[in-house]
């Protein structure tokens, strides 16, 4: 490498004399050469393969650089001014392809052609593609095609659309209506969330009111007044009282007949089983069982307002007699003129409470008589009869216990049956429709 000073441009150093010079002068010359701001030579820039593309022009350019370096080494005695002039001349002539615009465009077009028009070697490589590569290519094509495919609709929407198409076809072809099966429209298109919300609303609102409460207030006022007027009339009271008394007598006679039948059956059974000594005692007690005792207590407090002219209700026989019944009715009618309609109703309620007291006491007397009979039979019965009677008692006790259990759990049993029926109906409706 030749180093020249700016003062003496024509003077040049040889290789032998360069090393013999003084060191300080050599350093000064190097510092002066480095201080000079020379323009960078773009031809000396080396680029990586990633950014540059080798072409024929670049090959020629490399050959020119090699020849130029040889000439520089051979002509070591030349000055730097001549070298710089040559470099500037080369740049002006357009020798460097990186500074020539037409060369860049040519390289760009060639590069694009190589991308879109593969060579023979690439075509041969494509011909020998393996099966796995073909499968991957097919999968990529399927994924690209699936982007444009329509989404699957819900079952309910598809059914409604199909039914609409069938209806349109049936309207166009009326002859084919008879041949095709009639399809029922889908009613329950609600989702589970909508059903739950409707059920929650029904629970909050409760059961629906009957129709009379939904009418207008003007329409409700007239019937209520009419009902009140009907309640406070004497004719209506008489009719209702007659109906109640007729029902009362029917119940009494029916119960009396049933009780008599049961007692007769018990008598016959005991006569067969009992010895002759105990027949008189048992018959006397059984006859006394039919006697009716007077009511001692009532379940409604009647001490504040005692009813007049109700002495005929003291005995059960007086209630059954028609003559005394007519007398009581007449007395009640006479007393109604002196009292308000509310007091009349209260008096009737008290009469019915007394009647209920009589029935309860009759039933108690029957139970007492049965217990006395059992005591007598136990005293006079033989050991074999005692065994039979003990077995009978056990059976009766089991029967009574079972009856009590059924009475207790009857309501629960009925509720379970109702719930099972409702579940069956819901399942049937859900799968049928």
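Yeah, the Cβs are placed from backbone N, Cα and C, and that goes for glycine too.
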Candidate ranges 165-185, 186-206, 207-227, 228-248 [criterion: Swiss-Prot lists as region 'Disordered']: 207-227
Of 69-101, 102-134, the range Swiss-Prot labels region 'Disordered': 69-101
Structural state of residue 233 (phosphothreonine), classified by DSSP into three states: coil
